[in-house]
Amino acid sequence: MPRADPNLRNRARRPRARRGGGGGVGSNSSRHSGKCRRQRRALSAPPLTFLATTTTTTMMGVASTDDDSLLLKTPDELDKHSGSPQTILTLTDKHDIRQPRVHRGTYHLIQLHLDLRPEELRDPFQILLSTPLQLGEANGESQTAPATSQEEETAASHELEKKKEKEEKKEEEDEDDRNDDRERGILCVVSNEDSDVRPAFSLFPARPGCHILRSVIDQQLTRMAIVRLSLNLFALRIITPPLKRVPLRRKAAHHTALHDCMALHLPELTFESTLDINNVTENAASVADAAESTDADLTPTLTVRVRHAVCWHRVEGGISGPRGLTSRISARLSETTAKTLGPSVFGRLELDPNESPPDLTLSSLTLYQDGMLRFNVTCDRTEAPADPVAFRLRLRRETVRRPFFSDAPLPYFVPPRSGAADEGLEVRVPYELTLKNSHTLRIYRRFYGPYLGVFVPHNRQGLKMPVTVWLPRSWLELTVLVSDENGATFPRDALLGRLYFISSKHTLNRGCLSAMTHQVKSTLHSRSTSHSPSQQQLSVLGASIALEDLLPMRLASPETEPQDCKLTENTTEKTSPVTLAMVCGDL
């Protein structure tokens, strides 16, 4: 099963015959195509596994080597040999299955190149890569010195105290606080610009197991003598937006479409300010005390307590917020309180476990110019909750270092039901939708922050949805292409796809901001910057990302070695691989 032609070591540099037969192909190309076909007779059946020849390229794009001795070195020795740990690993289909080689090291980009015959694409399942793979720390790796026994005992006692404090405050905390400012990594697989086969743009959690790439085979590919499959594999930094915090919006005019279900007065309002000086927290007794501190030291907080019987109105979702039963509550703030709150104020609900509906959410929060504060609370149910309803609305000035939505994310954006934050938010249809023709579905939510939203569609028969880039301060518009003559029907809560927010540093290419295609491609190029005269960057989805801003991917041996144990979370005798496989057929 080996492919032992030394002339095919670097397939990217040789001309490839594009079409077989006699249609405009020269004699040299015909002989070359026949030679390739004879060499590939032993490879007509999958699986195909990349496990051999490597080309390690430094970030500056100067050094390139095919020295097999690099494969026998430790990761540290490999990094020293290449001159930089930020490298590109290039894998080809040239391998020996009797003596598979393991590519150990840390890389920012893995390129897979494979030349196939058209009939090989008919095989439904092909393994492209199978290797133990681990991502680096998203927020930076930290090394600590070994602690003494006394330090370990002290640390253990502190851990117990912290654990008790966390258990006491567990009811007050929410998922937003526990995941605050945490970046995660996700694997991205996309075709290279010289690839004939264009699999669908795919994002995968970096967990062991088999991940499927789907690809549609064009009829033109069947007339080629050799078909090139070229993929780029890299890891993006992603971050999860807060789902239980709603920003305070300020407006000048009142809207009287919905009357206030209840009006609160000053006794139900509590204004306090948290003063943080030299890690000592104090509560200012009044607004006057709070005004003496600077904005950098002052964190004003307004708490609105509600324990009343309220009226409920039915809404179907949309701009007004989530669907279900909603109640509109108002409270008039004094001019001093409204001024002291300042900008960048977020609100969230604190529920009473005994008297609050568990599905109660904050759907909108608005402060008008005359000091009137109005907010809507919604619960997704058909029957009104029992009276009275008890909860607290807490408004707090804070700096959110994550993307946040203009209004409540529900019912459009839902956390993944599996609970894994690296799987992105689920984008669902809030109501039953029937389409006869192609349609643009607009979701009336904006997000803010220096991030890039990416919508990856879910596979659905009879429909085609392109990968869509979502820019800050804009609506999310999804294009649905209906291929079935009878149209398509989306039931309520149908899954459209997943939404990710990329936190890797990037620059936008204004010429191609939206990836309104089904088959996305990527390009590796060099760009001069103020920090580097020749910086290697990867362009994908209308954005360019420097390789150094991608998460490093560490390839380990199948058997865990002593120096690898400290880098793995669950130390086992054998590390499970991350496997990529391609399925040809309908997207």
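Cβ coordinates come from backbone N, Cα and C, glycine included.
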Among ranges 21-30, 161-170, whichever one Swiss-Prot labels motif 'Nuclear localization signal': 161-170
Feature motif 'Nuclear export signal 2 (NES 2)' in Swiss-Prot, mapped to one of the ranges 112-119, 216-223, 360-367, 536-543: 360-367
Integer mean pLDDT for the motif 'Nuclear export signal 1 (NES 1)' (229-238): 94
